[in-house]
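Let me begin by presenting the structure, written as C-alpha cells, before commenting on it.
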Amino acid sequence: MTPTLIVLILCVVAHTWAVPLQVSLISGSGFREGDIAVSNKRGSRSCFARSCLWPKSVDGNVYIAYTLSPEYNDLDLMTIQEGMEAIENGTCIRFVPQTHQNDYLDIQPKSGCWSYLGFHGGPQIVSLQAPECVTTGVTSHELMHALGFVHEQSRADRDKYVTILWGNIWKVDDKKAYDKFEKYKTNNLDTPYDYASIMHFGKYAYSEDGDPTIIAKGNLGAQLGQRFAPSELDKFKINKLYKCGECCVSRRHG
C-alpha cells in the first residue's frame with residue numbers, strides 16, 4: 001500500500017466517523033476520546049448530575065440556544081440545521097437561535113470536530129471545521145456530546161460487546177480515544193449496548209493501515225456506528241436522560 005493511499009484512507013475514516021482532525025487545544029482544556037473537550041470546570045466523568053444537563057422549560061421542552069459563525073456558507077448552515085433537526089425529531093430537545101440567552105452553543109469552524117460534554121454555562125464552543133466536519137451526522141454526533149453523551153464504546157461494559165484491536169490503532173496517543181469509563185463514572189441509563197449508535201466509533205476509526213480497530217464480539221461482520229442520524233436508542237436515551245414526556249417529543253413545525 002502506497003503512502004498516498006494510506007493518507008487518503010485515513011482522511012476518509014476521519015471524516016466519516018467524526019474522528020477529529022488536527023485539533024487546536026484550548027487553554028485549560030484537553031481532549032478525551034478524541035473529540036470531547038475536558039475543561040477545568042468539569043473532568044472526564046460522564047454526565048448524570050443535573051448540573052450537567054441543559055435546563056428544562058416549563059412546557060417540558062429543553063431549549064438550547066445557539067449561534068453560528070458567519071464563516072459558514074449557506075450549504076454549511078443548511079447542513080448544521082439538518083443535524084439539529086435529526087436530534088429534535090422524536091425528542092424534547094429544541095435548538096433555537098440565540099437572542100438574549102446567556103447560555104448557548106457557539107458553533108464555529110475551528111480545527112477539528114469536537115465539543116464539551118454537557119451543559120457548562122455561558123458561550124460553549126462546538127467545533128465543526130468546514131468542510132470536513134460539516135455533515136448532518138457529525139453535527140448530530142457533536143451536539144449529542146453537548147447534551148451530555150459520551151461515545152458508546154466507552155461504556156464500562158463495552159468489553160462484553162466489542163473487542164479493541166490495539167495493535168491496529170495508528171498512534172500511541174490515539175489509543176486514548178478508546179479509553180472506557182469505570183463503572184462508577186458512567187451512566188448507561190439501563191439501555192442495551194447500541195452498535196448502531198451515532199455515538200459509536202466505526203470499525204476502522206484511527207486505523208493505522210486500513211485494518212479494523214474495533215469489532216463486535218461474536219459477529220465480525222456487524223456494522224459498528226454510523227454518521228447519518230441518531231439511532232432509535234440514541235433518541236430513547238436523550239428522552240430518558242432529559243425526562244422528556246410523551247406530550248413533548250413531536251418536533252414543532254413552522
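Cβ from N, Cα, C; glycine included.
As recorded in TrEMBL, the features of this protein are as follows:
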- E142: active site (ACT_SITE)
- H141, H145, H151: Zn(2+) binding site (BINDING)
- 42-245: domain 'Peptidase M12A' (DOMAIN)
- 1-18: signal peptide (SIGNAL)
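Following the DSSP three-state reduction, the secondary structure of H151 (Zn(2+) binding site) is coil.
For the binding-site residues given as H145, H151, the lowest number of other CB atoms within 10 Å of the residue's CB is seen at H145. When Cβ atoms from all protein chains are considered, those within 10 Å of H141 (Zn(2+) binding site) total 29, not counting its own.
Neighbour density for E142 (active site): within 10 A of its CB lie 26 other CB atoms from the protein chains shown.
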